[in-house]
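Written out below as structure tokens is the structure these notes cover.
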Amino acid sequence: MKIYVAGHRGMVGGAILRQLQARRDAGENLELITRTSAELDLTDQTAVRMFMQAEQPDQVILAAAKVGGIIANNSYPAQFIYENLMIECNVIHQAFDAGVRKLLQLGSSCIYPKLADQPMREDALLTGTLEPTNEPYAVAKIAGIKLCESYNRQYGTDYRSVMPTNLYGPGDNFHPENSHVLPALIRRFHQAVQDEVSEVVIWGTGTPMREFLHVDDMAAASLFVLGLDTETYQRETQEMLSHINVGSGTDVSIRELAEIVARVTGYQGKLSFDASKPDGAPRKLMDVSRLARLGWTAQTPLETGVRETYEWFKAQKLQDLRAK
Ligand SMILES: NC(=O)C1=CN([C@@H]2O[C@H](COP(=O)(O)OP(=O)(O)OC[C@H]3O[C@@H](n4cnc5c(N)ncnc54)[C@H](OP(=O)(O)O)[C@@H]3O)[C@@H](O)[C@H]2O)C=CC1
Ligand SMILES: C[C@H]1O[C@H](OP(=O)(O)OP(=O)(O)OC[C@H]2O[C@@H](n3cnc4c(=O)[nH]c(N)nc43)[C@H](O)[C@@H]2O)[C@@H](O)[C@@H](O)C1=O
């Protein structure tokens, strides 16, 4: 079985690759193919076509995307819609042309309307207006679902989509402005402890609710969904509703999240909130009953996952310092 993992240097693609490598090392007959973006720019149609025709993988896992937090999405909307649409169109269409029958692509919980009923079920898709801070990214992600559905309908392929909630873990992006909230707070609280600062600023009001899933859980869920037999997947997803939510099933407010990160990093100062920064969607909790019915639930409690991620972050910082 020859599998192409697109985006293997990213947080999720990296975790998926590690789990596939472990299966291969345990004796499963797997050939794993990867390319960095420098080796293969997935927005380049000709390059993707040549790659797919040359490699002819049996399966494709699409975890490559332009990804970022609320400010990155809001600041670079053209890049978020263009790059994600191009990556999806090129990878999905060229995989199809090269004879790939089975593919899994990753979407996002932001595909659902800003004010969707909570928890958000798969059939909330396209029932209302999107959250403006990430609408371009969400439109691209919705297009990815519809691409898979359309190829399945017209050509009988088996292309599947998983919709992750907010993810975190080893390999995350800790950029101070462009990252998601959890890595941003880990970095900011860590720095505050180092510098003995008595106040940490958190963006927005602290009231938005978010659900967080550890990346190893996400990787396991992705491989679980890819591994389901076609009959089971189609029975559960029904025609025209091909995507499956992936989440932990519980959420916390951003204030509660900040309190967890403060505990984990040992920060004891004051928390303050900068309401001039956007809150984004008021709440984004996934309904994960479809995945649970199929037999998969998340394993990592949030605080345990944050502790592990913080250890990874510190080890990484040490490594970076040593490399300088
Ligand atoms: N992180 C999160 O909280 C969430 C993520 N998701 C989705 O999960 C998937 C994985 O996200 P995540 O792992 O966090 O993202 P990362 O930013 O960690 O990784 C994305 C990867 O995509 C690759 N990539 C980006 N652009 C190109 C390109 N033009 N050509 C080739 N490769 C490219 C990069 O490769 P390279 O390193 O070689 O440059 C990078 O390693 C995405 O689809 C994302 O939308 C969904 C919900 C939440
Ligand atoms: C996964 C998902 O991620 C994005 O949506 P989001 O959930 O709004 O993502 P976020 O993690 O950046 O913010 C969550 C909340 O947290 C608050 N917040 C506080 N302090 C910081 C902070 O320091 N950094 C960030 N980024 N947010 C902060 C922030 O104001 C917001 O209320 C999408 O654009 C899209 O990419 C997508 O699919």
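Just so you know, glycine gets a Cβ as well, placed from its N, Cα and C.
Remember, TrEMBL labels are computer predictions, not curated facts.
Summarising the annotation, TrEMBL assigns domain 'NAD-dependent epimerase/dehydratase' to 3-228. Annotation source TrEMBL lists NADP(+) binding site at 7-13, 106-109, Lys141, 164-167, His180. Feature annotation from TrEMBL assigns site 'Important for catalytic activity' to Ser108, Cys110. The active site, proton donor/acceptor annotation in TrEMBL covers Tyr137. Summarising the annotation, TrEMBL assigns substrate binding site to Arg188, Trp203, Arg210, Asp279.
Here the features listed in TrEMBL are placed on the structure.
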| residue | record | DSSP (3 states) |
| --- | --- | --- |
| Gly7 | NADP(+) binding site | coil |
| Gly13 | NADP(+) binding site | helix |
| Ser108 | NADP(+) binding site | coil |
| Tyr137 | active site, proton donor/acceptor | helix |
| Pro164 | NADP(+) binding site | strand |
| Arg188 | substrate binding site | helix |
| Arg210 | substrate binding site | strand |
Length of the line joining the Cα atoms of Tyr137 (active site, proton donor/acceptor) and Cys110 (site 'Important for catalytic activity'), in Å: 8
Recorded positions whose CB lies under 6 angstroms from ligand 2, from Gly13, Cys110, Trp203: Cys110, Trp203
Candidate binding-site residues Arg188, Arg210, Asp279, pick with smallest Cα gap to Ser108 (NADP(+) binding site): Arg210
Listed recorded positions adjacent to ligand 1, that is, members of Cys110, Tyr137, Trp203, Arg210, Asp279 whose C-beta is under 6 A away: none
Inter-residue C-alpha distance, Leu167 (NADP(+) binding site) and Arg188 (substrate binding site) (nearest angstrom): 18
Packing count at Pro164 (NADP(+) binding site) (other Cβ atoms within 10 Å of its Cβ): 22
Cβ neighbour count within 10 Å of Gly13 (NADP(+) binding site): 24
Reduced DSSP assignment, Asp279 (substrate binding site): coil
